[in-house]
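Undergrad: I'd like to ask some things about the structure below.
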Amino acid sequence: MKIAVIGAMEEEVELLRASLNNAQRTTIAGSEYTTGTYEGKEVVLLKSGIGKVNAAMSTTILLHEFKPDVVINTGSAGGYDEALEVGAVVISDEVRHHDVDVTIFGYEIGQMAGMPAAYKSDERLMKVAEEAVKAVGEHQYGIGLICSGDAFMNDPERVEAVRHHFPQMKAVEMEAAAVAQVCYQFATPFVVIRALSDIAGKESNISFDEFLPVAAKHSTQVVLKAIASL
């Protein structure tokens, strides 16, 4: 099995890269792809760049050129579920865009024209991810909706506007829906495993800078456990 892991930033992929055996890097269209192995599994690690356009472009290249069997999107996220603290791990059961609105044409809020309203995570990958976070045994976790948009959610008014449309949302970030949409179009199973670096709207820019390394460490621990189980 070939497993693809996608993170947006260097801080989100550096521990994963360091864990790979026989790592070889290549750059395509400004995005970095590292191939290697972990626990005998073939891995392709993508540093996509920040935001949905970068994520969609680089994920398309990843799926077309490297042809992984499954995709794990990882890194940091902002918390929306008040029961989850900074450092908690969030596993997606579905992913949506929060900044798409073509409702005038009969679509749901967050639904892109011609696409499903939600991108469902693969059931097996969700189970593997949950078993992995339990095996690590150190982190609070939640499973649920993750939403994506091209905005850092530090404005309380924006945070509440998104919460109004997606009250069940666990976490927010800037790439997962783009990754999920491309996986949907390629019929490739995916799951999102992220850790909270901040709580959306609560001095989240300060918290993000401080706790990004913690979120990266926690998400990496769970992703590596998941890879070993696949």
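Cβ coordinates come from backbone N, Cα and C, glycine included.
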Undergrad: Given Swiss-Prot annotates G78, M174, E175 as substrate-binding, which of M112, M153 belongs to that site as well?
TA: M153
Undergrad: Recorded positions E12, G78, M174: which have a Cα within 10 Å of D198 (active site, proton donor)?
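TA: For D198 (active site, proton donor), the recorded positions whose Cα atoms are within 10 Å come to G78.
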Undergrad: Taking the centroid of the Cβ atoms of G78, M153, M174, E175 (substrate site), which other same-chain residues have Cβ within 8 Å of it?
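TA: Other same-chain residues near the substrate site: A77, S148, G149, A151, F152, V172, E173.
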Undergrad: How big is the Cα-to-Cα gap, in Å, between E12 (active site, proton acceptor) and E175 (substrate binding site)?
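TA: Just about 13 Å between their Cα atoms.
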Undergrad: Under a three-state reduction of DSSP output, how is E12 (active site, proton acceptor) classified: helix, strand, or coil?
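TA: For E12 (active site, proton acceptor) - judged by DSSP and reduced to three states - the answer is helix.
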